[in-house]
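Right, one structure below, let's go through it.
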Amino acid sequence: MESMQAPMDDAPLPELRADLRLSRSAPDTDGAPMWTLFDPMRGLYFHLHLSGLRIIRLWRQCSTLGELVLRAKAEGAALDDGDVEGLVRFAEANHLVVVQGHEGRQRLASAMEQVRVSTGSWLLHHYLFFRIPLVRPDRHLEGLLPLARLLVSRTAKFLLLFLAMLGCYFIVRQWSDFVGTLVRFLSWEGIFWYALALVIVKSAHELGHALVAKHYGCRVPTMGVAFLVMFPMLYTDATDTWRLEKDHDRLRVAMAGVMTELTIAVLATVCWGLLPDGALRQAAFFLATTSLITSLLVNLSPFMRFDGYHALSDLWGIRNLQPRAFAITRWWLRERLFGFGEPPTEAFTRRRRHLLVVYSVLTWLYRFFLFLGIALLVYHFAFKVLGIILFAVEIFWFILRPIMNEIREVSRRRISLNMRTIITIMSACLILGILFLPWQGRVSLPAVLEADAHVVLFPPESAQLKKMPVSQDEHVSVGQIVYELEQPEINVNLQQARRRIQAIKARLARRAGSADDLAQQGVLRTQMAELEAQISGLESRARALVIRAPMAGRVDMPGVLHEGQWLDSRTRLADLVSQHSLRVNAFVREQDLERIRVGSSARFIPDDGNHDSVDLTVRSIDNVGAERLAYPGLASRYGGPLPVEERRREDQDGLRLEDGIYRVSLVPDSDASVRDWQVYGKVSVEGPAESLAGAIFRHAASVLIRESGF
């Protein structure tokens, strides 16, 4: 054993690079002191505990590994040979030592070969995220610091607080104007001005980070633009803040951008409230709303590595929050699922561990939907072939790859049979059964139950409601009087016309004794014929004011009508609904079309609780997809389940449906009645049993077939 240990102790110690910088850092989560080792050549920071600090400080005073171990133990460090050897290997692997000799050059060449990637891999990584430095602001920031310190003085803070309250007052007082302006600028022109305001606000945001970092003595080597899946965003290289000893100082640097944006929002809101209508007021509005929206919705989110994430990391005092939280959560999941009995990746308290697990799960959910949305945007905005490739890259890299890595990590361990493993296996079997067993035997379709015969009653002309012989929900027969209306003008005109006819008849009767009447005999007969035609028309109008039922059915009357009320010709008097002639129109998507057959049994289930369900039979299925939808309640535009094309104006024949939707006609199995002439609901149709996985596969296949048309 001693003969094997001696060569290791006599191994020459590589020379530590002279440009490395060592500084004190903020304490660890358990309060232990920490130090930072800065590599200026690559801009990397390495955190060291007290034991690592002692080794680094003694490194240059020793020539062999054994001497370094002895010197460290002599100073009271609780170290063994493995700890020192591990740190030496870490320094060599991260190129913190001077390369010497043929072996060192070979190691460096091997490392460079590993870093070198293929063109395809380079494009993949840099398509997802890359940076373009634009300016090197470090030496110019010093001149801006006096002005920046003036803007955050105590007086400036109180003034800003007053202006914030004044801005809130202006918004509350002019709320309708504020919201109306926001809606009015939701156009292409508005998007252009919002984009311009976003550039201004984000530039000020990054300048805020840089100035506060410079205030604490940190270097700001570059500022520029970064691209996340080709989406541009400005960035500031503030990695030098890792040297700060206090988490509170780093928190101020992280929140400087948000505070800058909120300051711009306050000032712009006050200007919007004071300025008259015009270009300046619109500019102030754009700056105010852009600052508020980006600060609250984007920068403060702790789930992506923006300001909110860094602020939360500093607030909790956990450096590299996401990698450490993800590691502890993966350990937690393995223990819950398989009970490996492994120690946690880090010694956090129980409360802190649960907090990190919750944070990790929320972050994974947030990223899942975010990256899925980004993938869909890339697919729709790129041309078809490139869109498919980029969509697949997004899904694989951000969603499938982490899952595959974790499965690979679990497969490396030996899974023993314990209670947690049994529960996991049973749960997996249950999930697989739900997915692959054909337990779904019915197809649910959006539908409308309506009377096959339905009449809406309107007044023939403006009139006064005289009588209401029937009541709500009363059944009437054909020809039965439903309403009696009257028009006083008709009665007056009838009386006048009848009196004039009597006068003409009297003149014709005495024409033998009157030369004038005898001479006007032809004129008088013509006038009498005209009056008789007028009376016939007036009597016809009067008869039309007696509203009779054109068919047998149930009367559905508005509750606002009463006797003596004046009505115009557009007033809806009643709906006359046939009680024994019903039909159902349902709509099926293309992927479910094969599961429905003519003659299949079905049941209509109304959406409201005022109607009973109705047993049905499928009568026919359209061979061609429906183009228009006559039922607005089923349209997605109004909250329904059927997707319709978004157009500013509806077609006269109804809403235009998207492709792949077919109409299914059904009839009741027996006599059924409804109180309303049209009832929305769902139809459950019996069909061949199918598994959930099969339904998902059919839907995915139909989407792929539909989208494969180039």
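Cβ atoms are placed via backbone N, Cα and C, with glycine included.
As recorded in TrEMBL:
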type	residues	note
COILED	521-548	coiled coil
DOMAIN	194-272	domain 'Peptidase M50'
TRANSMEM	158-176	transmembrane segment
TRANSMEM	182-204	transmembrane segment
TRANSMEM	216-235	transmembrane segment
TRANSMEM	255-275	transmembrane segment
TRANSMEM	284-304	transmembrane segment
TRANSMEM	354-375	transmembrane segment
TRANSMEM	381-400	transmembrane segment
TRANSMEM	421-439	transmembrane segment
Stretch-averaged pLDDT - the domain 'Peptidase M50' (194-272): 87
With DSSP helix as H/G/I and strand as E/B, how many residues of the domain 'Peptidase M50' (194-272) fall in helix, strand and coil? 53 helix, 12 strand, 14 coil
State, in range form, which of 182-204, 354-375, 421-439 has the highest count of Cβ pairs under 8 Å to the transmembrane segment (284-304). 182-204
Residues outside the transmembrane segment (354-375) whose C-beta sits under 8 Å from one of its C-beta atoms, at least 6 past its ends, are 229, 231, 301-304, 316, 318, 321-322, 324-326, 328-329, 332, 348, 390-391, 394-395, 398-399
